[in-house]
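*Asks:* So that we are looking at the same thing, I have put the structure below in structure tokens.
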Amino acid sequence: MLSKFTAILLAVHIALFACALTQAEKRHKLTRPAFHPNAPYLAGKRIVGGFVIDISDAPYQISLQYNGKHHCGGSILNSKWILTAAHCIDLYSEVKPTVRVGSSEHAAGGTVLHLLRIVPHPGHSSGGNNYDIALLELECELTFNDNVQPVQLPEQDDPIDEGTMGIVSGWGMTMSAADLNAILRATNVPTVNQQECNQAYQSYGGVAEQMFCAGYKQGGTGTCRNDSGGPFVAEGKLIGVVSWSHECALAGYPGVYARVASVRDWIRETSGV
């Protein structure tokens with residue numbers, strides 16, 4: 001019979017094994033499920049016209065994965081909680097996602113963790129754009145290092161000044177029909193006038209107060225497919241979550257982001273962060 005000490009050690013090893021999948025296990029998972037957001041302009045998107053960065057430059061960045069394949073981005077809030085876009089977890093009833101942290105590559109390196117709980121914002125409806133925010137609780141706590149760090153959050157209803165420059169990052173497409181980027185990329189874009197953005201998107205229902213827009217009038221750089229859920233960080237704070245747009249970095253159509261400050265109290269009440 002196993003000694004009590006041996007049994008305890010075995011239980012600990014099993015628990016750790018369940019929390020973080022090894023790279024060998026991930027290679028034997030099923031292929032990526034076919035998934036398309038209900039709204040054609042939702043940005044499962046990618047960084048267009050950006051530049052390669054190391055994960056240590058954005059250590060809060062995570063890859064949300066289905067069947068071992070990158071699907072969306074997200075941000076580390078603390079050792080147990082991740083913030084992403086609500087439309088990124090619409091598949092949860094069919095396929096349980098995992099999270100990769102601490103790697104510049106979405107398909108290798110770092111650590112892959114299981115989720116304990118997924119909490120979409122109560123104001124979000126499947127296929128809709130408003131309150132496109134969800135919290136993910138990890139089964140195991142993260143160990144922080146140079147490649148894994150939480151990002152700071154704004155306070156409830158903190159304003160965003162027009163022209164605020166932010167950095168957005170992800171593994172999304174660099175062209176509308178290209179393959180996923182293997183290496184993390186980023187770009188810098190300014191926030192734009194809310195009324196002008198709302199006018200640009202009138203045929204798509206407009207832009208709500210819980211959203212903001214960022215990009216250049218001439219287009220050319222921004223988010224694209226599979227960047228959704230990723231971070232928009234300005235002055236060290238996560239002020240936006242990549243949500244949707246019309247096409248990718250198209251002139252006249254800036255990217256639309258979920259406004260983190262509009263749900264700050266809900267994040268605190270739900271996660272304690």
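Just so it is clear, glycine is given a Cβ too, placed from its N, Cα and C backbone atoms.
For reference, Swiss-Prot lists these features for the protein:
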{"type": "ACT_SITE", "residues": "His87", "note": "active site, charge relay system"}
{"type": "ACT_SITE", "residues": "Asp132", "note": "active site, charge relay system"}
{"type": "ACT_SITE", "residues": "Ser228", "note": "active site, charge relay system"}
{"type": "DISULFID", "residues": "Cys72-Cys88", "note": "disulfide bond"}
{"type": "DISULFID", "residues": "Cys197-Cys213", "note": "disulfide bond"}
{"type": "DISULFID", "residues": "Cys224-Cys248", "note": "disulfide bond"}
{"type": "DOMAIN", "residues": "47-272", "note": "domain 'Peptidase S1'"}
{"type": "SIGNAL", "residues": "1-22", "note": "signal peptide"}
{"type": "SITE", "residues": "Gly222", "note": "site 'Required for specificity'"}
*Asks:* Near Cys197 (disulfide bond), which residues of its own chain have a C-beta under 8 A away, given they sit six or more steps off in sequence?
*Replies:* Val207, Phe212, Cys213, Pro254, Val256
*Asks:* Looking only at C-alpha atoms, tell me how far Asp132 (active site, charge relay system) is from Cys88 (disulfide bond), rounded to the nearest Å.
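*Replies:* Cys88 (disulfide bond) has its Cα 9 Å from the Cα of Asp132 (active site, charge relay system).
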*Asks:* Name the residue among the disulfide-bonded residues Cys72, Cys88, Cys213 whose Cβ has the smallest number of other Cβ atoms within 10 Å.
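*Replies:* Each of the disulfide-bonded residues Cys72, Cys88, Cys213 was scored; lowest Cβ tally within 10 Å is Cys213.
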*Asks:* Cα-Cα, whole number of Å: Cys88 (disulfide bond) versus Ser228 (active site, charge relay system)?
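*Replies:* Here the two Cα atoms lie 7 Å apart.
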*Asks:* How big is the gap, in Å, between the Cα of His87 (active site, charge relay system) and that of Ser228 (active site, charge relay system), rounded to a whole number?
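*Replies:* About 8 Å separate the Cα atoms of these two residues.
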*Asks:* Let me know how many other Cβ atoms fall within 10 Å of the Cβ of Asp132 (active site, charge relay system).
*Replies:* 31
*Asks:* Could you say whether, by DSSP, Cys88 (disulfide bond) belongs to a helix, a strand or a coil region?
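*Replies:* The residue in question, Cys88 (disulfide bond), is helix (DSSP, three-state).
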*Asks:* Can you check what DSSP calls Asp132 (active site, charge relay system), collapsed to helix, strand or coil?
*Replies:* coil
*Asks:* Measure the Cβ-based neighbour count of His87 (active site, charge relay system), defined as the other Cβ atoms within 10 Å of its Cβ.
*Replies:* 28
*Asks:* Please report the distance from the Cα of Ser228 (active site, charge relay system) to the Cα of Cys72 (disulfide bond), rounded to the nearest angstrom.
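*Replies:* A Cα-Cα distance of 5 Å.
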*Asks:* Translate the DSSP assignment of Cys197 (disulfide bond) into the three-state scheme.
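*Replies:* Going by the DSSP assignment, Cys197 (disulfide bond) falls within a helical segment, counted as helix.
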